[in-house]
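Student: This is the feature table in Swiss-Prot:
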BINDING   G21, G22, G23, G24, N25, G108, T109, G110, E139, R143, D187  GTP binding site
Amino acid sequence: MFELVDNVPQSPVIKVIGVGGGGGNAVNHMVKSSIEGVEFICANTDAQALKNIGARTILQLGTGVTKGLGAGANPEVGRQAALEDRERIAEVLQGTNMVFITTGMGGGTGTGAAPIIAEVAKEMGILTVAVVTRPFPFEGRKRMQIADEGIRMLAESVDSLITIPNEKLLTILGKDASLLSAFAKADDVLAGAVRGISDIIKRPGMINVDFADVRTVMGEMGMAMMGTGCASGPNRAREATEAAIRNPLLEDVNLQGARGILVNITAGPDLSLGEYSDVGSIIEAFASDHAMVKVGTVIDPDMRDELHVTVVATGLGARIEKPVKVVDNTLQTAQQAYEASNPAPVRQEQPAVNYRDLERPTVMRNQAHAGAAAAAKLNPQDDLDYLDIPAFLRRQAD
């Protein structure tokens, strides 16, 4: 008798954990966006801030350290709070395949706790991606320095890192934009990235891209960029792809030489081969010759005219080796530098002057010099050799 065994693997588990006040706001935004197939967690040291969070899982950090009153903008307090609840962090991440960590850098809880959470996730073998924001310049140099140090520590434990400078919000939206709409725009970057990755992994496609492909492209890659684009009309493929790779809110990174690229195209049954080719051509333009490129397609029967493109580019910011120019750093004076570039002509040795000879008349001196020169030219041996030649030959030579 045969027994049916279900060997179909379970769908990969994706979680988003917002750390601190900024991370909690981002999680709230995504919960309202109704992103399917993703679990949300919010971690904070401030008990009051956790009361208004719509996440399914709430994780209060460091009650013994902070007494539920927050980290007081001190990253070290945030770090100690995360270390205190390290085991609880591991519990909420149990069974996770991929985790997004989001926070606003420069404060206490997010800056200090996010690197610890990333460290725990990496130790558990979870594909870890961080999406963080940098402070506004007017928030002060001290806060910016704290943020930079936090990003540096976070980068050591995550597979891929996406940075959004708040300053870009002013540039793109203008000073008249409301504060709520500005931060919602930044949260849209994270929401778009999470939704795009979720669609790539969980929605089967005609040309399928699975979680193993995502891990290959995003694992241990460092600086990353994620973008989504949507367009309709005759040039929808090109317009959607260009919108996905030109997100104005992301940190200024050079897309040239990306080492890993993941692309997902979602469209209706009218997706053409030419459109598929257009997307690939644009992607090829900024990929390095040795890049790992994965392009998948999902055909959605409910879509009409619209085409969605999700692009994940990783391994960005690699330095291009330039020819090495050898420079002599030896200190030189201005006179030495001039003499080195303008060498003086070689002076020939002049014979010593015989002042006694100058007492003789010029005519006699010239005759003496002429006689000496003629005598120097005459060689007695030459005359003897000349006589050895037979006379008839000497006459012919003369």
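Yeah, the Cβs are placed from backbone N, Cα and C, and that goes for glycine too.
Context for these features, please: burial, neighbours, distances.
Tutor: Other Cβ atoms within 10 Å of the Cβ of D187 (GTP binding site) number 24 in total over all chains.
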Student: Which residues in the same chain, at least 6 apart in sequence, have a Cβ under 8 Å from the Cβ of G23 (GTP binding site)?
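Tutor: Listed in sequence order: I17, C42, A43, N44, I101, T102, T103, G104, G110, A114.
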Student: Would you mind listing, in sequence order, the residues at least six apart from G21 (GTP binding site) in the same chain with a Cβ closer than 8 Å to its Cβ?
Tutor: N44, D46, A49, G104, G107, T109, G110
Student: Using all protein chains shown, find which of the binding-site residues N25, T109 scores highest when you count other CB atoms within 10 A of its CB.
Tutor: T109
